[in-house]
Amino acid sequence: MTNISLKPNEVGVFAIGGLGEIGKNTYGIEYQDEIIIVDAGIKFPEDDLLGIDYVIPDYSYIVDNLDRVKALVITHGHEDHIGGIPFLLKQANIPIYAGPLALALIRGKLEEHGLWREATVYEINHNTELTFKNMSVTFFKTTHSIPEPVGIVIHTPQGKIICTGDFKFDFTPVGDPADLQRMAALGEEGVLCLLSDSTNAEIPTFTNSEKVVGQSILKIIEGIHGRIIFASFASNIYRLQQAAEAAVKTGRKIAVFGRSMEKAIVNGIELGYIKVPKGTFIEPSELKNLHASEVLIMCTGSQGESMAALARIANGTHRQVTLQPGDTVIFSSSPIPGNTTSVNKLINTIQEAGVDVIHGKVNNIHTSGHGGQQEQKLMLSLIKPKYFMPVHGEYRMQKIHAGLAMDIGIPKENIFIMENGDVLALTSDSARIAGHFNAQDIYVDGNGIGDIGAAVLRDRRDLSEDGVVLAVATVDFNTQMILAGPDILSRGFIYMRESGDLIRESQRVLFNAIRIALKNKDASIQSVNGAIVNALRPFLYEKTEREPIIIPMVLTPDKH
């Protein structure tokens, strides 16, 4: 449902993902007959979303206004900013503007979905300017944990709207530094509204420099004499480069496992972000010719993904690599929301195999790509927005970020903590909430998109917690007799061989319930099914304090 009242002179600012959550970043700026979309990300599912692969936004508002959508502009190549693009393009073929690395990553995704040939894509950099009828777009360099991050400036008739994308202020970066001079100049020119990254609003200090992490990685690798398995985000090209440099300095060759990691290395080398001597990267088949002290394995799986290379290595199901005594596994990452349990489980599995594990909680081998409070205040001080909208964070993060904005002098009434689907209406001297449109989560489960709802997830949770009970009976509605059963089958509820008394009591309860239901002259399969569920559910809860899913199956005799 859409209920928006934008006046002709107002600029609309909205999000269909990224507010009140980490992930799904998808923002929009609209003015009259033009809409510009910034990013199109996915969110990784929390533990209670059983069987769900990804969560994407509901793209209905974009699809319903497709004739007005002029561009999808990308801040950088992380999954929570580009992962939704294939799902969006299946519904709306929008021109995409992205930097070289982000574009390479997007191409890989679109090729997997068979969408690359039909896609309209343009490469941009921080000097690019895009011009449309009423709006234009320019860019400025920021710093993040992936090359080529940019902030986006959308020039509207009412003023500039700036989306920072993910950022930190790293004064000793591995890649290009952020363009503070450009940010300050924008602030002096005047900025109508800032949409800024809230992820680390709970961190009071500056985040560590990527260079510090590189030094720690080198120091750790220098002290390891066995084989090293190095797991990180495949998209963290800077981290991979620093690990590769450490391998070269310590006389190690590098083998790569995991499709996304292999692609990242290829992209990093082609674009000049990974620079090592020829022969540093080797084929997996060459590992057998090297001593353990000469090997560093880069692999996917730092988030505990069950099918990624590291999990298969740990579980002994990888075809080419198994854990060996003397190995050390380095997790150069931290778990993203929803993955903590699976990461901890994987670490436990590796350590139970007698292999050392080094991870960011214990050692200084990971740093966030998101700025803490001091960096957020610096961004606000440089940009000096009239209005402020904290984005990219859960509500408490947005709330803290809003407080930081007040600390530097932005009036409380000029700060908007919004929800996905809210539309902020702006002019040069006014701001108001102009309405709301539907922006619910859409679940991706295998090839299914949006066909999994709350009822299915509830059933999955019930099955995982309490199992299922199948109650089977054959009845004759003409004679009002039970011909066979009732029989009880169970999966994930009780061990039937050890629960004979409960099974027999359940059968007695069902026999009486079915017998009473059959006495009704209007008895039907549906009514008997209902009687089975209504009798068995409270009985089982009374006996076990568990609520399995109950599936009744009423059969009738063959008339032939």
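Here the Cβ of each residue, glycine as well, is placed from N, Cα and C on the backbone.
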- Query: Among ASP166, ASP327, ASP441, ASP476, which is the one Swiss-Prot gives for the Zn(2+) 2 site where ASP80, HIS81, HIS392 also bind?
  - Reply: ASP166
- Swiss-Prot Zn(2+) 1 site partner of HIS76, HIS78, ASP166, selected from HIS144, HIS155: HIS144
- Quick one: of the binding-site residues HIS76, ASP80, HIS144, which has its CA closest to the CA of GLY369 (substrate binding site)? HIS144
- Out of HIS366, THR367, HIS370, HIS392, give those binding-site residues positioned within 10 angstroms of ASP166 (Zn(2+) 1 binding site), comparing C-alpha atoms, in sequence order. HIS370, HIS392
- Message: Please report the Cα separation of HIS370 (substrate binding site) and HIS144 (Zn(2+) 1 binding site) in Å, rounded to an integer.
- Response: 7
- Query: Which ones in the same chain are close to HIS392 (Zn(2+) 2 binding site), with CB under 8 Å and 6+ residues apart in sequence?
  - Reply: GLY18, ILE22, ASN25, ASP166, SER196, ASP197, SER198, THR199
- If H, G and I count as helix, E and B as strand, and all else as coil, what does DSSP give for HIS144 (Zn(2+) 1 binding site)? coil
- Message: Nearest of the binding-site residues to HIS76 (Zn(2+) 1 binding site) by CA-CA distance, picking from HIS366, THR367, SER368?
- Response: SER368
